[in-house]
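Asks: Below you will find the structure I want to go over with you.
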Amino acid sequence: MSEFRSGFVCFVGRPNTGKSTLTNALVGTKVAITSNRPQTTRHTIRGIVHRDEFQIILVDTPGLHRPRTLLGQRLNDLVKTTYSEVDVIGLCIPADEAIGPGDRWIHEQIRAVAPRTTLVVIVTKIDKVPKDRVAAQLMAVSELIGPDAEIVPVSATTGEQLDVLTDVLAGKLPPGPAFYPDGELTDEPEETLMAELIREAALEGVRDELPHSLAVVIDEVSPREDRDDLIDVHAILYVERDSQKGIVIGKGGARLREVGTAARLQIEKLLGTKVYLDLRVKIAKNWQRDPKQLGRLGF
């Protein structure tokens, strides 16, 4: 690559295929929420990969799925808009699961919505299976996509093949100047990142019914009046039902304290200063199906 290249890449795939982990590994810092719960990414977060010869802007999308709620429909619409606006689509398929109807459906969606966009298939999580399983998956992917498919196996966890993937993606971008200054790693507002970090901490280790029902809104961020090394962050966690409120708070508030501690440490890393984090839990009944409430909660 002689001339500088820059452009937009989005990782797509069914929920839980390692897209957010891959984004964070390539950027080198945490810009996308990771959780072993499907459907945990809700905003298209742009992570930025800087090199001397290129700049890749990674757009992280929610996993495509057949929607059951208005929120699900809005997330899918967001994904489809993203498909048609990027330079390269990276379809993520995990090495440790057989290709299924979900992968086929997503491939069809990509080709229907963005038939001309360059497609690279990324076989993720190769550290989780033996080499022969990886080889078998590469063959299966080739059968799904076609013999001309560009396929790159990677592990975001160990870093294996990430440099190869970066070069492949960069090689497919158009020549052009950098979109963002060197050193900038995301264009997400700090408040959005803070809300996502709190949401990630709250989702850790909880039962399946909660992830889709949890939204976090940053209510207020202000420097502490008598101390210049402390920032007060007030946030509200919204759930849909009383029973979910109990799950988030835990017995005697123990669970909410754990969430607060985990999130505070991540937010302190993000802001580079000490943080006092105040969390409150409120009920917003059936917010996923209510257009007014979706708007109020930032969707």
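Glycine is treated like the rest: Cβ placed from N, Cα and C.
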Asks: Scan 60-63, 188-191, 240-243 against Swiss-Prot and say which stretch is down as region 'G3'.
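Replies: Going through 60-63, 188-191, 240-243 one by one, Swiss-Prot flags 60-63 as region 'G3'.
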Asks: What are the DSSP helix/strand/coil residue counts across the region 'G4' (124-127)?
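Replies: So the counts come to 2 helix, 1 strand, 1 coil.
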Asks: Within the region 'G3' (60-63) only, compute the mean pLDDT.
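Replies: Reported value for the region 'G3' (60-63) is a mean pLDDT of 61.
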